[in-house]
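Visitor: Below: one structure in structure tokens.
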Amino acid sequence: MIERGKFRSLTLINWNGFFARTFDLDELVTTLSGGNGAGKSTTMAAFVTALIPDLTLLHFRNTTEAGATSGSRDKGLHGKLKAGVCYSMLDTINSRHQRVVVGVRLQQVAGRDRKVDIKPFAIQGLPMSVLPTQLVTETLNERQARVLPLNELKDKLEAMEGVQFKQFNSITDYHSLMFDLGIIARRLRSASDRSKFYRLIEASLYGGISSAITRSLRDYLLPENSGVRKAFQDMEAALRENRMTLEAIRVTQSDRDLFKHLISEATNYVAADYMRHANERRVHLDKALEFRRELHTSRQQLAAEQYKHVDMARELAEHNGAEGDLEADYQAASDHLNLVQTALRQQEKIERYEADLDELQIRLEEQNEVVAEAIERQEENEARAEAAELEVDELKSQLADYQQALDVQQTRAIQYNQAVAALNRAKELCHLPDLTADSAAEWLETFQAKELEATEKMLSLEQKMSMAQTAHSQFEQAYQLVVAINGPLARNEAWDVARELLREGVDQRHLAEQVQPLRMRLSELEQRLREQQEAERLLADFCKRQGKNFDIDELEALHQELEARIASLSDSVSNAREERMALRQEQEQLQSRIQSLMQRAPVWLAAQNSLNQLSEQCGEEFSSSQDVTEYLQQLLEREREAIVERDEVGARKNAVDEEIERLSQPGGSEDQRLNALAERFGGVLLSEIYDDVSLEDAPYFSALYGPSRHAIVVPDLSQVTEHLEGLTDCPEDLYLIEGDPQSFDDSVFSVDELEKAVVVKIADRQWRYSRFPEVPLFGRAARESRIESLHAEREVLSERFATLSFDVQKTQRLHQAFSRFIGSHLAVAFESDPEAEIRQLNSRRVELERALSNHENDNQQQRIQFEQAKEGVTALNRILPRLNLLADDSLADRVDEIRERLDEAQEAARFVQQFGNQLAKLEPIVSVLQSDPEQFEQLKEDYAYSQQMQRDARQQAFALTEVVQRRAHFSYSDSAEMLSGNSDLNEKLRERLEQAEAERTRAREALRGHAAQLSQYNQVLASLKSSYDTKKELLNDLQRELQDIGVRADSGAEERARIRRDELHAQLSNNRSRRNQLEKALTFCEAEMDNLTRKLRKLERDYFEMREQVVTAKAGWCAVMRMVKDNGVERRLHRRELAYLSADDLRSMSDKALGALRLAVADNEHLRDVLRMSEDPKRPERKIQFFVAVYQHLRERIRQDIIRTDDPVEAIEQMEIELSRLTEELTSREQKLAISSRSVANIIRKTIQREQNRIRMLNQGLQNVSFGQVNSVRLNVNVRETHAMLLDVLSEQHEQHQDLFNSNRLTFSEALAKLYQRLNPQIDMGQRTPQTIGEELLDYRNYLEMEVEVNRGSDGWLRAESGALSTGEAIGTGMSILVMVVQSWEDESRRLRGKDISPCRLLFLDEAARLDARSIATLFELCERLQMQLIIAAPENISPEKGTTYKLVRKVFQNTEHVHVVGLRGFAPQLPETLPGSDEAPSQAS
């Protein structure tokens, strides 16, 4: 039998009153006796401190403070220590007879908080002869000793051979060692466990029924069913992990898409930018070289343009100088033409106006005569009309007023008298005494005839007067003409001068006729002279362009030479054109071939990438399409073999899973029907009874029971008979054994044990021989061992199955990849490398470009020579026809001679133009100048006489006319008679009035007609006079203007002036055209020079910028390449197919990827920041950093339990292979892991039943415990009603609540909590989560209610409460409960600790005087029966009969306080024996 460990002694070093005191502890009861303040509590406090060195729990209060929530300020420890190093050590010996010293080093910490520093330690391997006080003290002399500090103690112990010293930094480690060595009964894993242990010690220390323990008896007494709970937790953890893995797979599936998307977009984003920079670097290098070539070419062009500009500027200056002279000449010629045209127009006007004046003169004279006659007739008509009017008026007046009529008659009488007077005057004037009124009319005609005759005679004289006056005017006119031509002279000299002028006029007219021929001759000579000058200018220009002076005789030979050169150059240019066309054609063919290859290159590169990937995946090299198809056949064969092997491993794994599931059944039943039958029969499975059998005993019991190892143990077989009738749902062989499940043993068989076998005598005539199984399955330990081995095998099989599944799917994916490759790339994959051919073609293209450039330069020089030769030939073609002009030296003299003759002729023409009209007028009347007419005065007198005679005749005719007109008045002779009373006067007046009115009307009409005619004649005359005066004045103005012009206007003057002007205009236009051409060419040349200068500057700037950019980009590119190579991403980024895309396409690709990446990394702050930094176009290396960050991020997110690679791209490929396999496997695993609600109910019920049985066993040990009136103590265990209902529903009505247990969103614990809430809606769950509640419901202890009951006197069984018991009864009852707890802890920990160790049992009791002698004896008996040590403190009047007693007396010696200790052991019936070391020397300060 295993001996129980014991505490041997307690050692106090430097405590208050104890300098170095060791208390040897009794195997049962150690009593500390002494008065108040003797040190009993200090001793117990030292023991507790060494046992539980946790300052958060230690609180040593006095007994009077029991129940108080606060004690002394230092919690009772600081004041119990002395200054300096203190120790409290427990010397123990365990079941293995190992001596172990555990203890603590204590030291007061200075300060107001009164803290204590505690360091736990342990000493193993210490010899039994060494006392604890000798370890920690050093003797200085006979009366002085020194306490060793902990480091010196360590050094001292390390010097001792075989002694181990351990210092602990953790209380958990300290207690773990104590548990493993059997010093304490329970493993204290946490602060909660330490608290329970301390409350237990504290309750025993102060005595009584501790409410802290009784309220949580389940935690103290009922062991945590760690196996069941761990099984549930493992199941839930496995399910949770399984679901989390499934969720992780779903997340990984989404991650796979995210990875694909992120890697794809990141690769597109960075690779596009990477390749764009690579392309741009190459483009920049090409541009830099191109800029350098263009710079050299532009400099050459600028030098040529500058030379050209100087030549054109010199020629333009010459043309500008000539243009001024030509403009002046042209302006003079234009002015002269205008003057000639003006003079001709004036001359025409003068001639026209002279003709008009002559005509107007004639018409004016005729009109004057007509007007004079009309005036005379008008006067006669007016007189006649007036007389008729007067007569009418008189007659009207007479008729109106008779008196007036009388006056009229008187007037008429007067008129009659006047008429008579007129008749007498006519007689006197006409010298006609016989003239009467009646004969007056006849005489009137006679005298009118005389008047007409006199008028005709006067007109004849007037005509003669006019003719004389005309002759006089012709002489005057001729004289005035001579004066106008020659100037003033005497009248008698006019004849001679006129003849001289006429002769001179003839000569001048002859000269004037020569003007036109001379002018034509001069124009011809001047034209030849100008052509000569133009030829000289062309020759000078030609010589200047040729850079050499040529003689006239050399020009024809030079012309032939230039034509020959043109022919040769034309052939060269033609041949060069053909050669250039051939080179261009070859270049275009190369370019077309390069374009086709560039279009084919991405396809070929994609095929090569796919081929390389296939080669990497399969580790083979393929050189032809046949190799690919052959390997594909091998791949199919390998796939079939892998599938067969995978299916075999899967079948074995399923078999192992089924065996594990069968062995994992609760109670060891391999058939679920046995559990139902056991519950139905009220029995227990035999495997449950032997569930705790050890692994070593499992083969024996398995062989012992043989086939009946799965029997059901029932209390009474007779009661089972009725249940067996009609039983079908059971195994083929059902074994039933009668026996008590609580005290079942193997006595039912007669057994003989052999070597690794047993012989079981079932009956007298039936034996059974059974060998020990190699793999026993009887008992939980055996099953767990088998399950563990099966799990190991399953892990191997699972790993192998996963490997094979992975290989199969990998092979399938490889087969798919080969199929895709064959379908997409096989046709082009094994063709020649287009990029190598492109490089060759590019080198050839460069050579062609260089040849074309050289050819263009040569052709340009030949073209320049050809153009120069053509210009020379063109110039010679213009010069050669004018060689005779160049050789004519007298042309200028002839021009001057003709110009002088032309000037003379033009003077004569101007004389003729100026005086030609006067000479023409003078010539017909020049003869009148010979004599001056003298009879003009006599003619004037005759004309005056005729005029007098005509007037006299007119007077006589007028007088006769008056008589004739007053002929009516002679009829008024009877007016006297009318006044005397003639009665018919009125009638006569009326008749005369009518006659007078008729006469008046005729006179008015005649007067009106003659007045209109006269007005018309006067108007015509006024118009003629006005026209004549106007034209005369205009004629005079025109003549003056013509004289002012000073140009002779002949018929050829205008034509000559126009020809001259046109010639000058043509010359000026040609000069201006050439000047404009030169100016435009010069402007264009200057613009070209400016453009070339700007282009040169820009090219220089661009070249240097590009060169600097190339240099800078080279450094940045080197950094990028270094970063790419260091991180191993060059293969991912250097995608050669992107090199054939344009920069815009790559930028667009990068921008699109950037937009997608912004959305993809929106939730990742790190990647978002790195992406934002990578957007800087000036820092391309940041994009590489982003790509590396993406790879690192994806590597971190790769689930290593699913994917075993660091490469995200390979991870994606493996994901697609693994995910479907893992999904299927985990789904089946979840179905296997899930436990039914009925199984949970059965497990909890079985556990409750087992613990109830255990509590009954504990109660049996307490049946004989009595304290005072308490006769017995027991624990009552009941199942809570709400939890019992939950178990019933789980086992019987679980189908109604499958919505909870089949939900993938709820764990089993959460589903259990939901069911509990559904069954008990009245219970408030508070703030606890369903998971917490479910975990509590999986703990069987929460299903039980426990309470302590005592059998006290006549009250019977009642609940143990301090108020219902006396103090001693309460102390005894509490001690009994504590003993039960300790025993329960030991049973609970037996599986955790070694089988050969039985832990120490020790309790305390302070102030034991409250117990009577019978109760103390009961405690002693309890300690003896339970092998428990007890330390009690009691006053001096307590004297136990057994155990060891220490009598403590506190004394003061020389101001030093110490405790005097005397120890006694078993004073009755043995003699007292003084224990060693009972006297203690006074403590001295060291």
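Any Cβ shown, glycine's included, is placed from N, Cα and C.
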Visitor: Looking at the ranges 107-164, 1209-1266, which is given as coiled coil in Swiss-Prot?
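Guide: Going through 107-164, 1209-1266 one by one, Swiss-Prot flags 1209-1266 as coiled coil.
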Visitor: Looking at 37-73, 444-480, 666-702, 925-961, which one does Swiss-Prot call coiled coil?
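Guide: Among 37-73, 444-480, 666-702, 925-961, the range Swiss-Prot annotates as coiled coil is 444-480.
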Visitor: Within 8 Å of the Cβ centroid of the ATP site residues GLY34, GLY35, ASN36, GLY37, ALA38, GLY39, LYS40, SER41, which other residues of the same chain have their Cβ?
Guide: ALA1433, LEU1448, ARG1450
Visitor: Which residue counts does DSSP yield for the region 'Flexible hinge' (666-783) in the helix, strand and coil classes, in that order?
Guide: 44 helix, 26 strand, 48 coil
Visitor: Counting other CB atoms within 10 A of each CB, which of the binding-site residues ASN36, SER41 comes out lowest?
Guide: ASN36
Visitor: When the pLDDT values for the coiled coil (835-923) are averaged, what is the result?
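Guide: The answer is 80, the mean pLDDT of the model over that range.
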Visitor: Can you tell me whether DSSP puts LYS40 (ATP binding site) in helix, strand or coil?
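Guide: The residue in question, LYS40 (ATP binding site), is helix (DSSP, three-state).
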Visitor: Taking every protein chain in this structure into account, which of the binding-site residues GLY34, GLY37, GLY39 has the most other Cβ atoms within 10 Å of its Cβ?
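Guide: Within the set of binding-site residues, the most crowded position is GLY39.
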Visitor: Need the DSSP three-state call for GLY34 (ATP binding site) to compare against my parser.
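Guide: In the DSSP reduction, GLY34 (ATP binding site) maps to strand.
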